[in-house]
Amino acid sequence: MRSSKNRSRSKNNRNRSVGNIVNRVFDSSGPEGKVRGTPQQIIEKYNQLARDAQLSNDRVAAENFQQHAEHYLRLLGQAQKEQEAQREQQEREQQERRERQEAERAERERQHRKREAQQQQPAQPAQPVAGEGEQPDLLFSENKAEASDAGLVETPEEAPKEAPKPKKPRAPRKPRKTKAEREAEAAAKAESAPAESEPKSAPETAPDVVE
């Protein structure tokens, strides 16, 4: 706390000193007596005296007046630079403060819209989790299904169809007979036909034996 207070106090003193330099009334002892006024007024007074000395061909007095004017000119320029730096720093701080406030306001608006959306959204029922809650009796269901299947009558449509019998392979076709084979076969049939048509002779009886 002390360090921050010291920094703020020194900053205020620096601002006050810069402001005092710019607006302070000085008593300057010049070659022709004292010159009283602010730094800007003293600079203008010495510049006027230097011009008068140049017109009277008094170079020594003119240079002396110019040196006094340059001294207060440097003093005033340094004070003005410090004022400009302080002004820029204050503008940066104000800009950062505005940006921080805008960011905080945007965050508050976002949170507010989020709460409104949550309030308007209806509550959804909890989804059941697999494996929880009452489970059906699987064994009872299976027994019931078997009983219902046993009471059903099997219809011809539902009966399993017999597998078709395999077809017998066809015998290979005999090769066609040649003309010579057909003629020989016909001659053989013709020879055997008369023999079968002749009557069979009666068996001979044995002669009676005389004792």
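Backbone N, Cα and C atoms are what each Cβ position is placed from, and that goes for glycine too.
Here is what TrEMBL says about this protein:
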type: COMPBIAS; residues: 1-14; note: compositional bias 'Basic residues'
type: REGION; residues: 1-41; note: region 'Disordered'
type: DOMAIN; residues: 7-81; note: domain 'DUF4167'
type: REGION; residues: 73-211; note: region 'Disordered'
type: COMPBIAS; residues: 81-110; note: compositional bias 'Basic and acidic residues'
type: COMPBIAS; residues: 118-128; note: compositional bias 'Low complexity'
type: COMPBIAS; residues: 166-177; note: compositional bias 'Basic residues'
type: COMPBIAS; residues: 178-188; note: compositional bias 'Basic and acidic residues'
type: COMPBIAS; residues: 189-211; note: compositional bias 'Low complexity'
Practice item. With DSSP as the yardstick, break the compositional bias 'Basic and acidic residues' (81-110) down into helix, strand and coil residue counts. Key: 30 helix, 0 strand, 0 coil
Check your understanding: With DSSP, how much of the compositional bias 'Basic and acidic residues' (178-188) is helix, how much strand and how much coil, in residues?
Key -> 10 helix, 0 strand, 1 coil
